[in-house]
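Visitor: Pasting a structure here, questions to come.
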Amino acid sequence: MSKIISLVVAMIAVLALPIRGQQQPLSQCTPSMMTTVSPCMGFITNSSSNGTSPSSDCCNSLRSLTTGGMGCLCLIVTGTVPFNIPINRTTAVSLPRACNMPRVPLQCQANIAPAAAPGPAATFGPSMSPGPETDPIVPEPTPAAQTPQSDTTRPFTPSVDGGAPTSDDGGSTSRPSETPSSAYALSPSLLFFSIALVALKFY
């Protein structure tokens with residue numbers, strides 16, 4: 001029993017270190033907080049019938065977020081919520097002023113500023129492939145003594161490793177890169193919960 005308790009305490013300590021050091025701002029918006037601001041969705045996505053001003057329900061839900069969900073409110077106002085919502089940044093930024101809450105953008109700057117330089121993130125699972133290099137690739141000049149190529153193109157032949165096809169004449173193909181929406185990271189709390197279940201199963 002004491003081994004399991006010490007294992008659980010060690011896991012909590014290990015999982016709490018990256019969380020305390022990083023405080024990712026995107027994790028501050030939960031689905032329940034997004035439900036709270038659902039009256040504002042029509043306004044910040046430019047799909048409301050009113051279009052020019054938010055409803056009183058929207059402003060009230062915005063005020064309720066200032067007490068317990070300022071981080072989420074800042075993400076909504078800046079248009080960087082971690083959900084797939086087509087937020088119009090211009091109308092989202094104007095939302096606090098339209099609701100007569102002019103201090104919200106200043107509070108958001110103070111709230112977001114420390115999270116601008118997080119430490120290295122520990123992710124579990126596939127990560128995005130690196131982007132293209134900034135230095136342009138300059139092809140080497142071809143020597144003049146080469147034999148002339150025929151005008152007909154050669155057909156593509158599959159490579160030995162079965163990967164992407166290549167051509168005999170030096171042509172290249174590119175592999176599709178992983179998009180941010182297809183990349184994922186495993187939540188530390190989910191990892192902890194899974195390990196705790198395994199530990200309890202063998203107890």
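Note: Cβ is positioned from N, Cα and C throughout, glycine not excepted.
Note that the structure is a prediction, hence the values are computed from the model and not measured.
Pasting the relevant annotations from Swiss-Prot:
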SIGNAL    1-21  signal peptide
DISULFID  CYS29-CYS74  disulfide bond
DISULFID  CYS40-CYS58  disulfide bond
CARBOHYD  ASN46  N-linked glycosylation site
CARBOHYD  ASN50  N-linked glycosylation site
DISULFID  CYS59-CYS99  disulfide bond
DISULFID  CYS72-CYS108  disulfide bond
CARBOHYD  ASN88  N-linked glycosylation site
REGION    119-182  region 'Disordered'
COMPBIAS  144-156  compositional bias 'Polar residues'
COMPBIAS  169-179  compositional bias 'Polar residues'
LIPID     SER172  GPI-anchor amidated serine
Visitor: Rounded to the nearest Å, what's the C-alpha distance separating CYS29 (disulfide bond) and CYS108 (disulfide bond)? Just drop the number here, would you?
Guide: 14
Visitor: In DSSP terms, helix, strand or coil for ASN88 (N-linked glycosylation site)?
Guide: coil
Visitor: To see if you understand the setup: which same-chain residues, six or more apart in sequence, place their Cβ under 8 Å from that of CYS58 (disulfide bond)?
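Guide: Within the chain, CYS58 (disulfide bond) has Cβ neighbours under 8 Å at VAL37, PRO39, CYS40, PHE43, LEU95, CYS99.
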Visitor: Which secondary structure state does DSSP assign to ASN46 (N-linked glycosylation site), in the simple three-class scheme?
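Guide: Looking at the DSSP assignment, ASN46 (N-linked glycosylation site) belongs to neither helix nor strand, so coil.
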Visitor: Return the residue, from the listed disulfide-bonded residues CYS40, CYS74, CYS99, with the maximum count of other C-beta atoms within 10 angstroms of its C-beta.
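Guide: By the 10 Å Cβ neighbour count, CYS40 comes out on top.
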